[in-house]
Every structure is written in structure tokens, then in C-alpha cells.
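Positions annotated as compositional bias 'Polar residues' by TrEMBL: 1-13. According to TrEMBL, the feature compositional bias 'Basic and acidic residues' maps to 148-158. The compositional bias 'Low complexity' feature in TrEMBL is assigned to 357-376. Residues annotated as domain 'Thioredoxin' in TrEMBL: 226-306. Taken from TrEMBL, the feature region 'Disordered' covers 1-20, 134-159, 356-382. Positions annotated as transmembrane segment by TrEMBL: 47-69, 75-91, 98-116, 175-196.
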Amino acid sequence: MNNTSSSSTTKDGISTKPPIHTAGKVEIHQETSTIMKARLIQHILQTYYLLNFIFLLAYPILRLSGLILKPKNELMILYVSGFMVVLKILKNKNIDQILTGIIFTLKMSTIILLYYSGETQFKLEYTNKMKSNNIDGSSSSSSEETQEPFKFDNENENSKQTLSSTKELGFFGNFLHYGLYYVLVYLFVCMLVYLYKSQPEPKQSNFVHFFNQITFKNSLAFSAQSKELKDKYLLVEFFTTWSPPCTYLASTFADLSYIYQGINFGKIDIGRWKSIAYEYDIADSVSSKQIPSIILFKNGVEVSRMPYRKNEFKMPYDKKTPKDDKLFEPCNLSYDNIRLYFNLDTLLSQVKPSLTNQNQNQNNNNNNNKNGNSNKNTKKNR
């Protein structure tokens, strides 16, 4: 049997052809890799992320142009910020979580640098003013003489010279200075950027069905009664709208449904349909380790779930076991972890013959319809 399927395209012109599976193993076609890269680039190049990354260049531009002075401990702050960015990338596997963490870290470091730069400017001007009052006929040095050249290091002669001369300013004098104004202006512009373009929604997919409590139970009942292989498996995400992990998982879940199109994917909001959360023993509290949860159903019956309890790895949830949220293992719901835990490659290879037959039947029906229409047209012409 020829295991080929007809390709289709989305509105964006991206092909939705699923990966090729042979010999019981998944061989992801090069086209699939291109699809994922295109979806990732399209997601990153949204206006929100572009505006934020351009806005993060404000501090380097101001420093290079000489509009602000070099703050104290500049190099140390940059090193710590770089370390935090690398840590965010290594710790998180979700693109939305990584981008959010990087933007937040760099914005915080920019605020700190702007504050200390304003402090340096204020203390430098105060020192020059004190010198001009103590020395007869002397004038304050020009900005070209006092401003240091641009270099990222920790040696700041201006700061060293002004430490002793600014002690008499008191508590408020040392904290209410230009740096505070810099920070307020920066925060105001950040707010304007956010109001203009808020954080975009995670990547979505047309292959994920959103259920309510009625349609969810109907889908499970239909899967149990259907003899078609394509209706055999259903992977459902149980989420809440207020949970950041659920928001970050949305893109990953959409990518999985995009690649494994032979498996049925669905989502249900257990914050709204609490009876479903109660039926499947999913705690929906703020401190719960079970939000979000992903459950694989086979013929309407649970096969396994993530997160899972220590003794239930790749096993159905046992309701006889006492409920204890502490028993659940912490899970990293990344693309690869979900794919490997639920053996999605194997499941897709099982339903692939049914999909191939369905595609062939659709092609035959389309050809028959075309032939019928052509025969009608020829009769009309006669």
C-alpha cells in the first residue's frame, strides 16, 4: 500500500503535510522541520516581541551616544544579566516562556543601570558645584572633561571622587536624583508599549478541539463506539485560564497537534467546568501540581497522564489511592517529553493506515464528483 497523503496549505501558505512514518519509527520529513521553523519565526516576529527587543536597545544607544554616564558596577550588572538570560534558556524549553523571561530580565537590568547612571550624573554635578564654590574664580569643568569614554568596566573615577563629597546629602539626597527620573520615564514608555501591543496569544492550531463538559463526554463515548482507528486515541489538555504554565503549554500543544495530525487533540477548561476536574481528580487550586494535566484516552478510557504519581508512570490514574497532591512528580511538559511519554510516534503509526484509506476514499469521491460534473456539462452543451 502506498503510504502517501495529499498535502494541504494554510492561509499563511505553510504546508500541513504530516511527517512520514516507516518501519514502525517516525522519520520526520524535511518539510516538517521547515514547517516548525516557519511557525517559530512567524511567532517571534510578532509586533510585541519586535517592539520589546528594539526598546531594550535604549540603554546601549544612550551610553554610546554619551547622553548618560557610565554607572557604577556596570560590568557586574551586565555579567549577572547575561548569566540570568542563559539560565532562562537552559531551564525553559517553551519558546513563550523563554522570550518572556529574557525580556523581563533585560528590562530589570536596564532599570538598574539607568538608576545608577542617574546617580553618577547627579553626584558628579554636585561635586563640580561644591568645587566651584570652594575655589575662587574657578568654573565647573566642561562635560567633555568630566564624562568618561564609553567602556564597560568597573573602574569609575567620577564615582570614586564623589563618594566622600556626597555624604552630607542625607538619605533622600542620595536616592532622589536623576536616576529616579530615568526609571520613571522608562517605565512610562514600557507601559505605552504594552498598551499599544500587549503580549500575543500563544501559537494555536486548527487541529485542537475545545470541549465543554458535554462535548467532552460525547467525544469519549464516540471514541469508545467507533471502529475507525482514527477515532481510537484522544489526547486532552486540562487547563485553566489563570495559570501561566497553561499559557506556556498552549504553543507546545499546538505544535504537537500540527505534527501528529492522525491523533485527536482536545482542550477543556477545568476552571470553568469544575465537574470534569472533580471527575478526574485534578486539583485546580493555585498551589496544585496538576495544572496543567494531559491525559491520553484510548477508546474513551484513560491510558496515562502527565503529571503522574510516583508509582503510576505510564499507567492510568488509580482513584483508590488517597488523594495527595504531594505524590505527583514534577514534570517538564516540553515537546519532546510529551511526545516520548505518550509514545505519539507509535500511536500515529497505528492510525496511519486508516488515514491513508480515508485520503484515498476522499480522492476517489472528488474524482467521481468531477467526472459527474463534467458529464452534466457535456449534456448541457449538446
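Including glycine, each Cβ sits where the backbone N, Cα and C put it.
Confidence for the domain 'Thioredoxin' (226-306), expressed as mean pLDDT, is 88. For the domain 'Thioredoxin' (226-306), the DSSP-based tally of helix, strand and coil residues reads 25 helix, 25 strand, 31 coil.
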